[in-house]
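Features as listed in TrEMBL:
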| type | residues | note |
| --- | --- | --- |
| ZN_FING | 19-45 | zinc finger |
| DOMAIN | 19-45 | domain 'C3H1-type' |
| ZN_FING | 61-88 | zinc finger |
| DOMAIN | 61-88 | domain 'C3H1-type' |
| REPEAT | 103-144 | repeat 'WD' |
| REPEAT | 230-271 | repeat 'WD' |
| REPEAT | 272-301 | repeat 'WD' |
């Protein structure tokens, strides 16, 4: 379901391409900026930039980044450490989020997390080739299913689980009461399948050869029939997203482009090419399209009167963006999650992009999924699924 973002009060587009960039110079923070003038901020010339100690710690005010030694359980500075000893940081909402538990078992990076409708089980897939089924009431792993090959992605839709594998997509029709499933194997893709999307009875899978395979679901014994192969990208497909209001499918690739497809005829009708590196992820709202890239930006796109998408705003991150996700906070306000290559996840108010918080992990987060009662799940590069909540007292999952 698309993220709902309220319109601005005056009816104007909340994104303005010409907003002044208010970014502190990263080189100044490290005491190494030689630009004069510099196009980034040096907050106060009377404040000396940080100086580096021989032990790697910085003599300055506490830094808004997690201590690497604390992450590896080897920091000896304790309360005197200049870096954060926490998985969550916010200047304003210090008690709005809580890390509830960590679900550990996968041996490689988690590539997908899903909650089937009507089920009390969480499904996680990883590059170690396994799918783990977790009981949401106890937090215990109740089943491990080995698929024998790297899992590029996993999503759930209704009572279905869809899994992207090399040259194959698996579709599981679940019996939510017993967690048993009927498996369908869909051949056609060439190479690793890293992106899957479902809408209006169609299943789309993007693969390493740059092609998007499309199947139509049916009630027959052969539940899925291959109906089209969408060819436009020149590199592997990295993400897929659907905007039902406009009947559009969006796809991204390592070729640095976003392709816009008409769901009525499955034809590519537009190419968005403003990113300078691989476009890794997408998020659709009721009005906007958000795209994250290894070029360290999130771009916001909006449709003009002719129905073509135009760049409306560019948000800059410090590192490449690997995943974006949207959900509402405890007050129902729309929030964007931006997972980056530096193993952090930024949380931003929409549509303003005001930073709400930052989450930290041991390795980069590649999968994000929301649950009931303010729960959300982060699939990490360590193979761990961390469970968070906007309101900790609503938790029904324990360690």
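Including glycine, each Cβ sits where the backbone N, Cα and C put it.
Within the chain carrying the repeat 'WD' (103-144), a Cβ under 8 angstroms from the stretch's Cβ atoms is held by residues 150-156, 158-161, 163-164, 174, 176, 179, 194, 363, 366-369, 371-372, 377, 379-387, 396-399, all 6 or more beyond its ends. Residue counts for the repeat 'WD' (103-144) under DSSP, helix first, then strand, then coil, are 0 helix, 22 strand, 20 coil.
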